[in-house]
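Colleague: Below: one structure in structure tokens.
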Amino acid sequence: MTFQGAFTALVTPFKDGEIDQDAYRELIEWQIEQGIDGLVPCGTTGEAATMTHEEQGEVIRICVEQAKGRVPVIAGAGSNNTKEAVNLTKLAKQAGADATLQITPYYNKPTPAGLLAHFKALSEEASMPFILYNVPGRTGLNALPETIAMIANEVPDVVGVKEATANLGQVSDVIEQCPEGFTVLSGDDFTVLPLLALGGHGVISVVSNIVPDLMSGMCAAYRAGDMKKAQELHFKMQPLNRVMFVETNPIPVKTALGMMGKFETSFRLPLVPLMEASKAKLEAQLKASGLI
């Protein structure tokens, strides 16, 4: 299976502290109706760090069930504990996910040899396609292009990378050094179009939670050779991208979906509601963009 185009890093609706299954299914259905190319449950945006393993398995299962094979599902299943990552990956595999998103182990800052050993263990104990997730702003570790290329060459289950550095020089080096057919997805909504121009394949997106049609449309326009339309959609999304990060993700995007009437805005600690000043900025931009 190839992974290209716009994948939404899905938020997880909560109600009374529990997963709101009905709202989650409705969000997934709306995403598919709006033309999204794929779904990513249990990532950073999905507040997976606040869930039990059982809850993560449930969220992935619901996503796979609701998608019904219409779009691929890449399930977040990473950890800084290799054994835990193996167990989460097995849960995702049992739930029917097409691949998993594997964050580079955070906090303990493994060496390149440690990263390779981590992904080899994952492949040996829970074999399925993996997308490596490089997000140094959250992990404290930047997997350099030569490290990603080493892992890609030595661990065949690692089929791609979500590059969230927003460093186009680094993205270019990853594309240059990794094997042919290795998928490179943006983890930064601001630089999706230039990443595509370098030879990347798509994005795992935050803003597509609220505008799946625009993000998938931009990726499709680029693939069709319509650069003018792709540029128009890029600039149409940029103001929304800015307010999506006015505070820590996923607080703004989840608040936006609440303003759009998709579900009740609720977070699990340590995340708290958007500050009033930020909420005013978000509301103004959603109105300016015609979303509310």
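One is the number of the first residue shown, and numbering goes on along the chain from there.
In case you wondered, yes, glycine gets a Cβ from its N, Cα and C as well.
Annotation source Swiss-Prot lists site 'Part of a proton relay during catalysis' at Thr44, Tyr107. Residues or ranges marked as pyruvate binding site by Swiss-Prot: Thr45, Ile204. What Swiss-Prot records for Tyr133 is active site, proton donor/acceptor, and it gives sequence analysis as the kind of evidence. Feature annotation from Swiss-Prot assigns active site, schiff-base intermediate with substrate to Lys162; the stated evidence is sequence analysis.
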Colleague: Could you check the recorded positions Tyr107, Tyr133 and say which one's CB has the fewest neighbouring CB atoms inside 10 Å?
Modeller: Tyr107
Colleague: Could you list the residues of the same chain, at least six apart in sequence, whose Cβ is under 8 A from the Cβ of Lys162 (active site, schiff-base intermediate with substrate)?
Modeller: Leu101, Ile131, Leu132, Tyr133, Asn134, Val135, Leu185, Ser186, Gly187, Ile204
Colleague: Can you tell me the CA-to-CA distance separating Thr44 (site 'Part of a proton relay during catalysis') and Tyr107 (site 'Part of a proton relay during catalysis'), as a whole number of Å?
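Modeller: Counting only the Cα atoms, the answer is 15 Å.
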Colleague: Would you mind reading off the Cα separation of Thr45 (pyruvate binding site) from Tyr107 (site 'Part of a proton relay during catalysis'), to the nearest angstrom?
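Modeller: That comes out at 19 Å between the alpha carbons.
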Colleague: Starting from the Cβ of Thr44 (site 'Part of a proton relay during catalysis'), draw a 10 Å sphere and report how many other Cβ atoms land inside it.
Modeller: 22
Colleague: Taking the Cβ of Thr45 (pyruvate binding site) as the centre, count every other Cβ atom within 10 Å, in any protein chain shown.
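Modeller: Summing over all protein chains shown, Thr45 (pyruvate binding site) has 23 other Cβ atoms within 10 Å.
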Colleague: When you measure from the Cβ of Ile204 (pyruvate binding site), how many other Cβ atoms are you left with inside 10 Å?
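Modeller: Step by step: centre on the Cβ of Ile204 (pyruvate binding site), count other Cβ atoms within 10 Å, giving 30.
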